[in-house]
Amino acid sequence: MKTKIRRIAISTGGGDAPGLNAVIRSVVLAAELRGWECYGIREGFNGILLPERYPHNGVTRLTVDQVRGIGHLGGTILGTTNHGNPLRFATTMPDGSIKEIDRSADIHRHLKQMDIDALICIGGDGTLTIANALHLQGLRVVGVPKTIDNDLDKTFTTFGFDTAVSFATECIDRLHSTAESHQRIMVVEVMGRYAGWIALHSGIAANAHAIVIPEIPYDIEKIAAMIRNRDTNGRHYSIVLAAEGALPTNGQHVVQEGAAAGHVERLGGIGERLAHDLQNLTGKEARAVVLGHLLRGGSPTAFDRLSAMRFGAAAVRALDEGHSGIMVALAFPNVNYVALEEVAGRMKAVPMDSDTLQTGRDIGICFGD
Ligand code: F6P
């Protein structure tokens, strides 16, 4: 029999995404109306693991007043980090070396000292892997799926994705006029890590002529042939959408210097590579535009706000029903619960039999294959 809940904590981890504050607001409102107290942990779990950084507010009370009017704001009022995995916490040793130490016991101890009964973890695959570990160690935990990449398994979509796709679409719309005016190839690089969801959805929505995604290694000659064919037919410009994780057949991902904290490699640069190669192959001027972190910012769309509010309220309901070790997920027509162990450490790639991908092919978009 689960003990009655009186206090819960909320943590936001990994890359930020529009909608995080809407989840926080929904959790606090739903919990407070149950008579529960809410506490926010700063910057993932750093608010607990680095007390010297937050002498007074590592874990702070969140009341209705603190979350008033935050639902439409991008980012997270708690802050977040890609660095703070408590299971492998980078710690400086007395000799100055850095060692990864499992500090999950500190999380349990601190939450127990504060009489916090349960945790709501909002994040992507990394954060939800941590959430599952804390659940297996005995903490009551419910996860909420967050990432602009939409690469989390077992949920129709994650909040943040719709906002990223909507903004990318707006940007690509703007590029058609300048590309046509200069008879250029414009290559647009978007985020998404090792999945091509953002590129696929925004590329089709904004009438790109080619889309390259990690799931389909591309043959540059195929894209060049499409561009030449457009030229022959009097269409003297082309828009190429590139997911940052896309790669040529038998080629490697293009990465930036220095890994993004928390990731094995920091993707980025495929746009310039494609522009360079296509300019050489076609003789046409080419330019690359990297949307990067613009896709992480801004106010969440109505769809993402609603998804986030549904997720937040469902996470509180799940705890109230005695669940732990689950993630709330967007199914149809209702939010459902999936076991964290079915999600942790997995990636949802674009399925090759997806009708969205087929739509792109049906309307003549080149996927480099
Ligand atoms: O996972 C979200 C994401 O925005 C990815 O699309 C991107 O590759 C990564 O985070 C960037 O990480 P950082 O913000 O640490 O540069």
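Including glycine, each Cβ sits where the backbone N, Cα and C put it.
Annotations in TrEMBL come from automatic prediction, not curation.
Matching Gly15, Gly19, Gly234 to the ATP binding residues that TrEMBL gives (Gly124, Asp125, Gly126, Thr127) identifies Gly15. Mapped onto three states, the DSSP output places Arg287 (substrate binding site) in strand. Largest Cα to Cα distance within the recorded substrate binders Thr147, Ile148, Asp149, Arg184, Met191, Gly192, Arg193, Glu244, Arg287, His293, Leu294, Leu295, Arg296: about 33 Å as a whole number. Cα of Thr127 (ATP binding site) to Cα of Leu294 (substrate binding site): a span of 22 Å. Gly15, Thr147, Asp149, Arg193 are the binding-site residues among Gly15, Asp125, Thr147, Asp149, Arg193 whose C-beta comes within less than 6 Å of an atom of ligand 1, given in sequence order.
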